[in-house]
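Asks: These came from Swiss-Prot, pasted as-is:
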BINDING   12, 13, 14, 15, 16, 17, 41, 182, 183  ATP binding site
BINDING   16  Mg(2+) binding site
BINDING   97, 131  [4Fe-4S] cluster binding site
C-alpha cells in the first residue's frame, strides 16, 4: 500500500522545488516514488526529469479523452533516482477548470492501477484556491504537508489549506503532518517567527526549515534536484531539511494532527500582532 502525500502551498513560494527535493530524499532512502504535478504550469517534475513532460490533459486530447486508450508510458517520465513523474496540466488560459483536470488525473491513476506500484505517491498541488478539484488529492492522502514562507499572504493561504484538511478529515483519513518553512532568512525575513506562532495556533508543527540559498534557486533553473547539483559550499546545509522530512515521513507512525484553522477575519487581527 502506497504512502500518499499531498503537498500544498501558495503559488511562487517554492512548493514544487520543495516537493521535488522531498521526492529525491525519499528515493535516495530506497523508496519507489511517483510525483504528480497538479498545477496548470505543469513544471512540478522539471527538476526530476529535466524537461517539461507531456501532461495528462495533452495525452487525453490525443485520444479524444478515452481514458482506456492510455497507458502509464503515455503520461509518466522517469528521472532522477528512478523517480517517476506525471503532470496533470491544465486547460488553455482563460478557459476550463484546472481543478477538473486534477480530478481527471486522479481518476486515470486509479484506472491504470498505479496506486499499488509505488512506495510513495506525492501530489504537488496548487494551494491558492482549494476548490473541489484541487482538493481531490486530500481524498487519497495519508498526510498533507503545507509549504509556507514567513509572511502574511503565505500564512493566509496556509490557513485556508488547514480549513480544507479539517473538512476532508471528517470523511477521509488525511491528517496534517506539518508545515515546511521555506526560504528561511534570519537576516532580513524574520526567520520563522510568524510561522512558529501560526503552527502553534492551528495545532501543528514545523516539519523543517529550508534556508534561503542561491544554490536552491539555481538547481530549479538547471532542471535538477538539489541532490543532483555539484558539491559546492552550502549544499550539505541545504540538504539537511529535505532529509529530515523524508526520515519523518518514513517513520511507521508519523506524528500528525487535524488542524484547527483560524477564521478568515480573525486571522487579520491575530497575525497583525505577530509582526
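Just so it is clear, glycine is given a Cβ too, placed from its N, Cα and C backbone atoms.
In terms of burial and nearby residues, how do these features look in this structure?
Replies: The DSSP secondary structure for residue 16 (ATP binding site) is helix.
DSSP assigns residue 97 ([4Fe-4S] cluster binding site) to coil in the three-state reduction, placing it in neither a helix nor a strand.
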Asks: Rounded to a whole angstrom, what is the C-alpha distance between residue 183 (ATP binding site) and residue 97 ([4Fe-4S] cluster binding site)?
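Replies: Rounded to the nearest whole number, the Cα-Cα distance is 30 Å.
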Asks: For the C-alpha pair, I'd like the distance in angstrom between residue 14 (ATP binding site) and residue 97 ([4Fe-4S] cluster binding site), rounded off.
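Replies: If we compare the Cα positions of residue 14 (ATP binding site) and residue 97 ([4Fe-4S] cluster binding site), the gap is 23 Å.
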Asks: Just to verify: the residue among 41, 183 with the fewest other Cβ atoms within 10 Å, which of the binding-site residues is it?
Replies: 41
Asks: How many other Cβ atoms are found within 10 Å of the Cβ atom of residue 12 (ATP binding site), counting all protein chains shown?
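Replies: 10, counting other Cβ atoms within 10 Å of residue 12 (ATP binding site).
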